[in-house]
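Per TrEMBL, the features are:
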- 91, 93, 97, 136: Ni(2+) binding site (BINDING)
- 91, 93, 97, 136: Fe(2+) binding site (BINDING)
- 90: site 'May play a role in metal incorporation in vivo' (SITE)
- 96: site 'May play a role in transmitting local conformational changes' (SITE)
- 99: site 'Important to generate the dianion' (SITE)
């Protein structure tokens, strides 16, 4: 279940409908899909994509998305600290960043104009689409990271991060989600 936090205002929201409305007003798509399939650790990308094909295909067709892959991050991920550091720096993309959390969790942070910084903890079943050009960063977790997510693209080259160099993320580095 997703959790929305606005640290500077000491606000936490757990109601999925209120989260969906909050995100929608800000141009960020959020939804929750059925994600109750249990995969073996050895499950291939093809097996995972095939299992969610009935949800993915209409979504991708409606949005003009061309390709999807699966990213898995866990404590055994080689060079995890370097990968984490890359995601932790505030950045934008030239196309939407779409993630469907098949399992695990991750924290998306947002820095929108004239808004306090907020974050959304995404967990199993959560689907998020961060619009192109949106300043954000992502944290899979410092200890015991675990993310298994389907990434959806128009063109994978649009996913290249463009760093803002703001260093704003440093101000929130000690934030922890209250479950």
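Placed from the backbone N, Cα and C atoms, the Cβ positions cover glycine too.
The two recorded residues residue 136 (Ni(2+) binding site) and residue 99 (site 'Important to generate the dianion') have their Cα atoms spaced 14 Å from each other.
A distance of 16 Å separates the Cα atom of residue 91 (Ni(2+) binding site) from that of residue 99 (site 'Important to generate the dianion').
Sequence-distant neighbours of residue 96 (site 'May play a role in transmitting local conformational changes') (same chain, 6+ apart, CB under 8 A from its CB) are 63, 129, 130, 131, 132, 154. The Ni(2+) site is set by 91, 93, 97, 136; from the centre of their CB atoms, other residues of the chain with a CB within 8 Å are 92, 130, 134, 135, 137, 138, 161. In the three-state DSSP reading, residue 90 (site 'May play a role in metal incorporation in vivo') counts as coil.
When other Cβ atoms within 10 Å of the Cβ of residue 90 (site 'May play a role in metal incorporation in vivo') are tallied across all protein chains shown, the result is 20.
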